[in-house]
Amino acid sequence: MIVAIEGIVSKKEPTFVVLKTSSGVSYGVYVSLFCSGNFEKDQKIELSITQIIKEDSHKLYGFLDTNEQRMFELLIKISGIGATTAMALCSSLDTNTFYTALQSGDESVFKKVPGIGPKSAKRIIAELSDAKINIENSNQDHAQALAALLSLGFKQENILKVLRTCESQNTSELIKEALKKLA
């Protein structure tokens, strides 16, 4: 099972990249628009990977932001929501908008996404109602870490880029991990 890939971006399309690893192997990885907006061609990056193996295909989906990866993995568990539709949701909604729409039960936010109709929007809200707490806690931890790092004098733009790559789950660990990357 592939969980992460580090390499140079040798090809970049809006929702697909090719990463060439140091061993010379290149991997094709599907990414969201938010993800692809955070790096350039010929840049070295590391993507967390969700690997989906089916009878007729083997696809890799990459994420810089662990919250976006969690969102994708929650969505693909819903009946009728495949990886392509889940990635369309990740490209159209940031995790905060996604959580807010879930919390408020706002189907209209989901229906704006290509491939999501009224039935799918209702299904997303119904099936992910249990997941709301995990998403909320994750967003609160990131918000608290952001506030703490801002108070230390770091620029918000730099902090947000670093927090997207952090894998820690609670505020204090996020701050420690971010400080190592910002220093």
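Every residue gets a Cβ built from N, Cα and C, even glycine.
Positions annotated as region 'Domain I' by Swiss-Prot, on the basis of sequence analysis: 1-64. As annotated by Swiss-Prot, region 'Domain II' applies to 65-138, with the evidence given as sequence analysis. As annotated by Swiss-Prot, region 'Domain III' applies to 138-183, with the evidence given as sequence analysis.
DSSP states for the region 'Domain II' (65-138), grouped as helix (H, G, I), strand (E, B) and coil, give 55 helix, 0 strand, 19 coil. In the predicted model, residues of the region 'Domain III' (138-183) average a pLDDT of 81. In terms of DSSP secondary structure, the region 'Domain I' (1-64) contains 4 helix, 36 strand, 24 coil.
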